[in-house]
C-alpha cells in the first residue's frame, strides 16, 4: 500500500498537480479504514484521470470507435442527428493526438476513420491530411481556426440526452473532453430535423456565430427604390400581358422585328414562338401571371447614394424592354442563347454579357480584354454563336469577306491577367479587374481606356457595376471590398472584415447594400452609406464563388466551390434552403427579372433552372408537409463540353450564357 501511495505522490509531484498531491497527503494522514482501490469508484475515476500518457492513444482510438459503433446502431429517427457529432469529434481527436506528440498514431487514426466523412468533408480532410506536426497546427489557418473556435450543431432534445447518457455511461473521458471543449450544441425542442438540413445545422465557425447573431439583429431595408421605372410603368398600366404582346407582335410583323436590337432580335423570336405555344392554353397564362408580381409587392426605400441622371433616350429604351418582357414561371421557362469561346488555349479567365446581350467580353491571362459584337456574329453563324480566339480562319470568316477587321475589339492596358469584367447597365462602359491590382474603365463607344483606378494592394478578383451605373464595387485578395464612383479615382468606401480573400461581390437591387463572398466560407452584407457589415451568412463549406440578388431585393443566392447553392433571406440572415445538384464549382448565378426562376452555371458544364417560388414558400409549410425537397429543379441544360462562366437575364427575360469549350472536361 505504501509503495502505491509513494508512486502516485511522485507522479503527481512530477506533473505539478499540487492540489491533487495535497489531497492524497490528507487522505494518508487520516486515521480511517483501509481504502478498497478496486471497489471505490471515486478513487478509480481520480486515478484514471491522471493515467499515464501511454494510454492516451488507446483512449482516443477506442473512445471514437465505440462512439461510432453506437451512433450507427442508433434508431433511424435519431441516427442522422447523432452522426453530425462524429465529424467534429473525429477531427479534434486527430488534432489532439498531433498536439500531444503522437504523430504516427494520429496518422493511423486518421487513415482508419477518414473515409466515413469523405463524402461531405473531402476538402477539409485534404487540408488536415497535411498536418504532420504541432507546428503545422499552429501555422495552418484552417486548423488554427478549428482549434480556437467551437463547432455549432443543432440537435433535438432527445438526441442530446441520448448522447450525454452514452458518454457518462461508458465513462469515455477523451470523447467527453472533446465534446465539452469543441462542440456547442443548439438544443431544439420537438422532433429531429430533416436529414436534408445537415448542410445548415453544422457550422465550423463556432464562436463567430455569436458575433454573427448580434450583427444580424441590425435593421436593413431590403425594398426597391422609390419611383423606379418598373413602378412608374405599373402605375401607368404600361405592362402588357403575354397575350397582348403576342397580338401586338402579330400585327406589327416583320417591320417591328427589324427595329429590335440586333443581338436580341433573332433570339427573341424563338422566345415568342415558345410563348405562343405555351400560352395557347388559357389556364397556363393565368397561372403564370400571379407569380410575376413579386417585385411590385416589395416595399419602397429611398436611395442612400446620389443616383445618376438617365437620358430620355435610354429611359425610353428600357421602358420598351419592360413593356415587352416575357413573364416566366415554372411552366414558362426562358429561351437561352449560349455563346461559346473557341481556341482560347486555356487563356480565358472570365466573361461578361451586356444587359441586352448585344456585347460579350472576355478577360484573358495575357492581360487583354476583348469585346465581341454578337449581332455580327449571329448574322454569320445563324442559330449558333461561336467566338473565335487566336484562330485566323475563324477570325477571317467572322470578320467578313475583306478580312480587314478583327471579329472583336481589343482593349490593352493591364499588366496582369484580367480576372473580371462587367458592363454598365446601358452597355456604353465596361470595367475590368486585374492581377496588377488595378481596375480600368473602358468606353465601348470610343474603344479606349478612360480611367485606371488604384487602391487595392493585391490582385482584384471581381468587379461589378451597380444597377443604376456610375457606382461599382470591387473584391480583392487583400480581404477587402471597395465601392467606387466613375468620377473619382479613390474608393468611396472600404469594407473590411473578411478573414480571407473576397472572391465575389454583388449589388443589392436598391443600391443601398453590397454582398461579398469570401474564401473564409461566409457571405457578408454591407451598408453602402456607413460601410458597416449588417449581415453575416454562415453555412457554406467551401469558398464562395458567385452571388445573385433577387429582383425584389428580399433574397440572395450564393454558390460555392463544392457545387452547393444557398438561398438566403436578407431580413433574417437565415438560409431558406440549400440547393444541391451541381457536381462542381458554381461560377455564376442569375435571377429572372420577376424573380420566379434562378439560373445557375457550373464547371460541370450545365445550366440549371430552379423554381424560386417553391423554395421561398417552404419555411411556412415545412412543419406541416415535412417535405425536405424545398427547391425544385425545373430543368438541366447540358453543354457538350463547355463550363459555364457567366449568365445574364436580359430585361426581356431572355437568358444569355457564355463559356469556353474545354477538351479536358
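Sequential numbering from 1, following the chain as shown.
Cβ atoms here come from the backbone N, Cα and C positions, even for glycine.
Nobody curates TrEMBL annotations by hand; they come from automatic prediction.
Residues or ranges marked as domain 'TFIID subunit TAF5 NTD2' by TrEMBL: 56-183.
As annotated by TrEMBL, region 'Disordered' applies to 237-300.
Summarising the annotation, TrEMBL assigns compositional bias 'Basic and acidic residues' to 237-264.
Mean pLDDT for the repeat 'WD' (411-443) in the predicted structure: 95. Sequence annotations record features per position, and here TrEMBL assigns repeat 'WD' to 411-443 (among others).
Tertiary proximity for the repeat 'WD' (453-494) is limited to same-chain residues at least six positions away from its ends with a CB under 8 Å from its CB atoms, namely 305, 307-308, 416, 419-426, 429, 431-441, 500-507, 509, 511, 514, 516-518, 526, 528, 531. Annotation comment: TrEMBL describes 453-494 (among others) as repeat 'WD'.
According to TrEMBL, the repeat 'WD' annotation covers 495-536 (among others). Note: the repeat 'WD' (495-536) comprises 0 helix, 24 strand, 18 coil (DSSP; helix = H, G, I, strand = E, B).
The repeat 'WD' feature in TrEMBL is assigned to 537-578 (among others).
Non-local neighbours of the repeat 'WD' (579-620) in the same chain are 199, 291-295, 325, 327-330, 333-334, 336, 338, 545-552, 554-555, 557-567, 627, 630-649, 651, 653, 655, 657, 659, 662, 665; each lies 6+ residues outside the stretch with a CB under 8 Å from one of its CB atoms. The repeat 'WD' feature in TrEMBL is assigned to 579-620 (among others).
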Residues in the repeat 'WD' (537-578) per DSSP class, helix first, strand next, coil last, are 0 helix, 24 strand, 18 coil
What else in the chain is close to the repeat 'WD' (495-536), if you only count residues 6 or more beyond its ends and a Cβ gap under 8 Å? 141, 145, 205, 208, 211-212, 215-216, 218, 220-225, 301, 303-305, 307, 461-468, 471, 473-477, 479-483, 542-553, 556, 558, 560, 568, 570, 573
The repeat 'WD' (579-620) resolves under DSSP into 9 helix, 19 strand, 14 coil
